[in-house]
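In case it's useful when we look at the structure, here is the feature table from TrEMBL:
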{"type": "BINDING", "residues": "22, 23, 24, 25, 26, 27, 28, 29", "note": "ATP binding site"}
{"type": "DOMAIN", "residues": "1-311", "note": "domain 'UvrD-like helicase ATP-binding'"}
{"type": "DOMAIN", "residues": "318-791", "note": "domain 'UvrD-like helicase C-terminal'"}
């Protein structure tokens, strides 16, 4: 491709920051991949380059372009969405800087809805509206940066902000309003409950989430923001990434921008976007505020004004709309115009009116038939609307009207969201149970859904039992092999009384258990009173630099060269030290995982243990009301003699003390009661418990896509489906297997492969293009909202429902409505049809959208 002058400026400028305005179709992605190729040609380390995108689709597309353009040299360039970037920060510092479990999983909307139901059902509240309200509270807490050691006080401050803000009261009112028939009804009861008890709802939800070792999307942003309060960590990230590109800036919220902005200082930064395509201001995107702030970094401001995607007529149409809708702003940004470089004039834009929505739907079918007759590509055709209400109406009407002999059909995208399909959720839910033995949400789902030989009545009686809740017995205890001796903590109690407990901690070169190396092992043995009777502390010479992990443990490469020993010697001595004991640690799964990986890499024998227990899990279970469960806080709470520090010995001594207190206060006194309760139903879970034990054992040998085959052999995943749908469900599971095999990172150990699969599906919204897959020989034409179509392009688009009150939406901000319409226009490459009804579905006269008038010169 021959690049124009402005494109070359972006490609070749590495000394100055750049603010790039790039409208749809102006070659931005191609320029970004070319720019990275130039960086690599100049000898810049690929690992120093960070690209942040808005969607998973954009992320995958940019990765593919980079790999293709650089012929594989760009494989180490870091390309992430905002959420996945923040997630990587959390993973790196979860153990020392948060009270998240190391092996936490991302809970998507469906997972969190199951937790919300546990709160909403006893109060007879709608779970969807309650979930929106809790998210709203958490979002304000992030926005205002209200994070202290007292979660309850923080949440009460948030409620005061809502009460005293007219804007936020209106937003809350919108969240509790729902549609019933043709009317919008406000749930005033829920609104009052949120204003008066919202802190309680949010705390209970956060506790349930943490107990299940899960984090939601708000937690991802808030925790990354908190971690980046540490100046040393920020400085390390600034050194790690010297070349930063943030794409789709106009859709970036101030919270996300605030996180990434921390590492701009001293680096080369490229911000890309198009403020005319800002359609997420309701999620907090404020591109003008970001631009004003970014100007502090003295960027060159460049605009792309040559369109290579659409026909001349479509480009002129969208340009005319911008001129009329945003005259002053357009002239300022595009002082040199916005020109089409397409060789094709293209078809005229067609504006079609219909008597009512039913006739409009009939017209849409006719348009598609005519397009097919003319030889147009129906596979690249899309119906776009303002919102899901219109989509649903159009879909229902089309199904009534559609002729059976047509070789195309229409489909709502929500019906084809791959990772939300029931059968896919079943497999990923099982993955979560394999990795996270404390995930009650997905365990309950699996027990009820699959043939596990446990009745639904048994499950419900356990989940709803007040006695179980009082004694802190979880349904997970029934499928744990630890409970075979009586109850979950029997082994811990016995070995504590036998003075056979080892509390340990490791420090390492990083958090990747597959690649990083242990540099320190510290451990103590406890007697039956919890007193220290022996200690083990050794340092190890790593074969790699400690890098950014220095800011966690403060051990330098030089120090380790001086005091470190060969790892094989230290590992052998430590294996002898812990042989036949019970291991305890705070957030111990990381320590166990990396030590197991190191033993495997060194071809040494496995650990021989009687059990592993985690004081983070213990305190979350028995002291769930505490504001947080970091070791530092728990140490203060119980008043340990030794306080945690950067020294591993201090940490494990504090851990030993909090373990002893929990054993004496909560675990030992009520153990017999727990045994009696669990014993009543324990045998009913035998088949599933033994199966799960075998599956978890195999999770250390089988990669995620191989685990799917194994699970299908063990359980009948398709037994509850009709013969008509069974084959489709099987095809979807086969596709999931293919996807996981493609994204599998072979350098990761099998168990980490499963964890990465969980996080991938949690962060993804599914592949919108999945809707186009031909399953029954018919072409599928998607019916999308413009928000759903963001980042996509089609040969032909039919923009429908263009009536006043619908588009623009009568409740929407008119400036954002105009931008949304512009985004809709720019999805089309060759043909655009604009349709509207003269009457609404209640047979009342309506005016056509005045946006249509803005298309004329």
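Note that Cβ sites are derived from N, Cα and C of the backbone, with glycine treated the same way.
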Return the residue, from the listed binding-site residues 23, 25, 27, with the maximum count of other C-beta atoms within 10 angstroms of its C-beta.
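Its Cβ has the most other Cβ atoms within 10 Å: 23.
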Pick the one among the binding-site residues 22, 24 whose Cβ has the fewest other Cβ atoms within 10 Å in this structure.
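Relative to the other binding-site residues in 22, 24, 24 has the fewest Cβ atoms within 10 Å.
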Using a Cβ-Cβ cut-off under 8 angstroms and a sequence gap of six or more, which residues of the chain neighbour residue 29 (ATP binding site)?
61, 62, 65
Given a separation of at least six residues and a C-beta threshold under 8 Å, show me what packs close to residue 26 (ATP binding site) in the same chain.
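Counting only residues 6 or more apart in sequence, the Cβ neighbours of residue 26 (ATP binding site) under 8 Å are 304, 305, 306, 307, 308, 309.
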Return one of helix, strand or coil for residue 29 (ATP binding site), based on DSSP.
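Helix, per DSSP.
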Around residue 28 (ATP binding site), which residues of its chain at least 6 apart sit with Cβ under 8 Å of its Cβ?
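In sequence order, 20, 22, 247, 272, 304 meet the Cβ cut-off.
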Which chain neighbours of the ATP site, leaving out 22, 23, 24, 25, 26, 27, 28, 29, have a Cβ atom within 8 Å of the mean position of the site's Cβ atoms?
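Sorted by sequence, the hits are 274, 304, 307, 308, 309.
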